[in-house]
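**Q** What follows is a structure written as structure tokens; I'll ask about it next.
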Amino acid sequence: MANVVVVGAQWGDEGKGKIVDWLSIEADIVVRFQGGHNAGHTLVIGNQVYKLALLPSGIVRPGKLSVIGNGVVLDPHHLVDEIAKISAQGVTVTPDNLKIADNVTLILALHRELDAHRESASVAGVKIGTTKRGIGPAYEDKVGRRAIRLMDLAEPDSLDEKIDRLLAHHDPLRRGLGLEPVPRAAIRAELEDVAPKVLPYMDAVWDLLETARRDGKRILFEGAQGALLDVDHGTYPFVTSSNTVAANAATGSGLGPKAIGYVLGIAKAYTTRVGGGPFPTELHDETGQRLGDRGHEFGTNTGRRRRCGWFDAVLVRQTVKTSGIDGIALTKLDILDGFEEIKVCVGYLLDGERINRFPASQAAQARVTPIYETMEGWAGTTAGARSWAELPAQAIKYVRRIEELIEAPVALLSTSPQRADTILVHNPFRD
């Protein structure tokens, strides 16, 4: 059986949580492989609503192993809080069903402070739209080879040396920003406080996953955010600090690339974005407002209102290529119910010429204008549909046209936040 990687095919918030939860029924292990607690997702199971940010979605499913891989940056205090929150909802979290890579990078208080200060000090038009949770600064320390990693908490005798190495960078940086230096003792106290709460979950994740792979276990890799926020392939610099494309499932978990298997991209039937950056199909009118209101487009973690626009087939086709997507899960089709006409971006105009890809240049990205194809909407409802027969004819035409434009089949269709309201075309674990 193939393993499955789930990645966002837009700018995040595509509904990955529901799809991962749906797929986790057939998975043995669910792995988070990048990002941090900056990308929240909501799971609706029966009458219970779970809001997760760091824990893999499989944690709410009994009998599943959840894994946080080395590609994640981990805020240990947030982890403790999130475990406590879902435990209060009746979810059992123990070292038996949650494993964290021993070489995962930790987010510290100084990372959060630095992140918030930088974003607040940014001038208008340059703000990245960070969640101010320390994700970027933690990744900077990781690639700068000065990060504190989870395994370091298990070696307190050498911790001071590692903190000093970290502060050798942060002290002059903070002085330049007008911030007070952080005493070594404060960081040590922060780490000593949380160490006994998180160390029991530590494991050599790469070895554990390789053993599971050899034993024929089904592994589901859960991406955070979306491919258009990838630090290399996204709308740079308005991106996140990690690689969000499917290939990072291997690097961020410690497995080889052959372990990835089927790649499922998640895309809304329209487009949303949080924070700054280019958005060719963004709507500033009543239609955009209607999409946002009907889709409840507010961030799970931040509560920020999301920008809304029509489906951009050019961008999704691009992420199909850069992530090697085999099939798409199309979500929130029901939000388009009742629109008399629906537009889809099929190309761009750049300086008077038509182009069929999104340019890498920030200046060129700002100059493109969308070329739309207008389709007839539908008066019937798709909400709660669980088979093609329940969909209006025009809704089916819309889905089929999207498949043609993005050059990938729709494997799953989601028609509400409820897990059961899903139309299965291809099972990624079986087909």
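Glycine too: its Cβ is placed from the backbone N, Cα and C atoms.
So Swiss-Prot has the following annotated:
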ACT_SITE  Asp13  active site, proton acceptor
ACT_SITE  His41  active site, proton donor
BINDING   12-18, 40-42, Arg306, 332-334, 414-416  GTP binding site
BINDING   Asp13, Glu14, Gly15, Lys16, Asn38, Ala39, Gly40, His41, Thr131, Arg145, Gln225, Thr240, Arg304  IMP binding site
BINDING   Asp13, Gly40  Mg(2+) binding site
BINDING   Thr300, Asn301, Thr302, Gly303, Arg304, Arg305, Arg306  substrate binding site
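Can you walk me through where each of these features ends up in the structure?
**A** Just so you know, the Cβ of Asp13 (active site, proton acceptor) picks up 26 other Cβ atoms within 10 Å once every protein chain is counted.
When secondary structure is read from DSSP and collapsed to three states, His41 (active site, proton donor) falls in the strand class.
Reduced to three states, the DSSP call for Arg304 (IMP binding site) is coil.
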**Q** Mind giving me a neighbour count for His41 (active site, proton donor)? Other Cβ atoms within 10 Å of its Cβ, every protein chain shown.
**A** 24
**Q** Using a 10 Å cut-off on Cβ-Cβ distances across all protein chains shown, tell me which of the binding-site residues (Gly12, Gly15, Gly40, Gly303) has the largest neighbour count.
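**A** Most Cβ neighbours within 10 Å: Gly12.
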**Q** Measuring CA to CA, name the entry from the recorded positions Asp13, Asn38, Gly40, Arg305 that ends up nearest Leu333 (GTP binding site).
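**A** Result: the closest of the recorded positions to Leu333 (GTP binding site) is Asp13.
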**Q** Round to the nearest Å and give the CA-to-CA distance linking Arg306 (substrate binding site) with Asp13 (active site, proton acceptor).
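**A** Each residue's Cα considered, Arg306 (substrate binding site) and Asp13 (active site, proton acceptor) end up 9 Å apart.
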**Q** From the binding-site residues Asn38, Gly40, Thr131, Arg304, Arg305, pick the residue whose C-alpha lies nearest to the C-alpha of Gly15 (GTP binding site).
**A** Gly40
**Q** What subset of the binding-site residues Gly40, Gln225, Arg304 lies within 10 angstroms of Lys18 (GTP binding site), using C-alpha positions?
**A** none
